[in-house]
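According to TrEMBL, the compositional bias 'Basic and acidic residues' annotation covers 22-32. For 33-182, the entry in TrEMBL reads domain 'Globin'. According to TrEMBL, the region 'Disordered' annotation covers 1-32.
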Amino acid sequence: MSRRESPPLPSPPPQMLGVQRGECEDRPERAEPLSDAEMEIIQHTWGHVYKNCEDVGVSVLIRFFVNFPSAKQYFSQFQDMQDPEEMERSSQLRQHARRVMNAINTVVENLQDPEKVSSVLALVGKAHAIKHKVEPIYFKILSGVMLSVLSEDFPEFFTAEVQLVWTKLMAAVYWHVTGAYTEVGWLQVSSSAV
């Protein structure tokens, strides 16, 4: 079984699936801030990942779509693709992979500037809520897929300690993005993410 065809990740707990009016799942009151040492760990490990950002991003998206095919409903240009090799060749998928990786790169480069991080993630969240109407749970799912791919593709850098730090970063990203959903009055109620 290749890394793109790994077994599906477990489904999110049921309490995370129903989104109420103006709420985004189990959103905590605030994101836990990263320490200076944690920011350094993230920036160091990201440097290795970002050298191959497009290929890593494509691997992440392919695994995401293979394991969570309902996510493809938001992508008319490749929603009917079933074959991972076909997805890998898709210029639209590659383009979206670059956008995802560049957004993460902007966050990582600006970890010392919480206002910049917040504003970038607010833009991402608002665009996905208003324009694309993507259920916010997919950001949590994508974060898990990304962490899984990074730990498999870069085992020498993504030790257990590093994975914990990256989990904390992804939780902060999710917190900011869902804050934007809440701000725009997200109304979607669905459990199609599983």
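Please read every residue number as a count from 1 along the shown chain.
Placement of Cβ uses the backbone N, Cα and C atoms for every residue, glycine included.
Source: prediction; values computed, not measured.
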Reported in the order helix, strand, coil, what are the DSSP residue counts of the domain 'Globin' (33-182)?
119 helix, 0 strand, 31 coil
Confidence over the domain 'Globin' (33-182), expressed as mean pLDDT on the 0 to 100 scale, is 95
